[in-house]
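Per TrEMBL, the feature S-adenosyl-L-methionine binding site maps to 61, 63, 115.
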């Protein structure tokens, strides 16, 4: 894709990047931030680190190219769209947010952004420039309670599950790290119980994800990239590219921080090196829509799916005949659900097969058998967000 995005970012000398200057400082950044809050126009990305510094809770990237942002915005709300309410999480400085607001007002009636410091300061001018149309919630999209007030503020109508929600969209950068993919998985796990934003209906999500995550989304049976999230995607959603890959390529012309800054930081001995491994590599913009019809994962069974997938993909190279014991003592008997003599030949699995070679129908049969198994463990959760998933999903209906 031909573009001229922020020429200064590409031409500035490598070692003069603000990423490597000692701004010492949080103090310098605090003094600079008021400039962002008073100007609708963003400074060029070559100056962004002066304002935003290094994120202490994990490395963030953000769209920095207005041309790419415009193409994505047009795909989210194409000509003919009427009255969308868009919830945008992790917008960073808000280049995509501004592109959405530049669309005709009849396409997007309201934009709700969730972000905290330091990026928050770059988003406040949006609310001032578009009173009543823009709502800025000064909380990170990490916090579930940040979403609680959105329905009341925007008067979002709930829509029957049989149809895709006609007027609500969720947009987000997925942080390019293991943490980001955990949140992506968590969003998907709310679908069966119609929790979180899905209490309003089948809300399409437009997500900017690492290319590696997109590969796992699409990994076929037997592919080494096939994983737990692959199975959740197949069971719960329809997914597709929102815009061609060329819109977000090359990375350093579209995203901040540019790849050369990341490579320098990776070689600097930083303790954050692991969190940098997905930055600087291809990103895709995708659409994810919850499936309608008879659900593969039934309400109140998400914890069982999560438990079985987590346990068996942890030993993905081990044949199921041996790995089923990781589900509990005597769980080898569950194998009859997928390789018993009464299973039709076209869907019968081999006892020597592994989890990566199971189809979604075979996974469904196996996990249904685990759900009915009288000896299944009572506590299926792990420390963290998975422990109370079902309870939280019910509370958010």
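Heads up, the Cβ atoms here are built off N, Cα and C, so glycines get one too.
Keep in mind that what you see is a predicted model, and the values were worked out from it rather than measured.
In this structure, residue 63 (S-adenosyl-L-methionine binding site) is part of a beta strand by DSSP. In sequence order, 60, 62, 90, 91, 92, 93, 94, 95, 96, 119, 173, 256 are the same-chain residues whose CB sits within 8 A of the CB centroid of 61, 63, 115, the residues recorded for S-adenosyl-L-methionine being left out. The 10 Å shell around the Cβ of residue 115 (S-adenosyl-L-methionine binding site) contains 25 further Cβ atoms across the protein chains shown.
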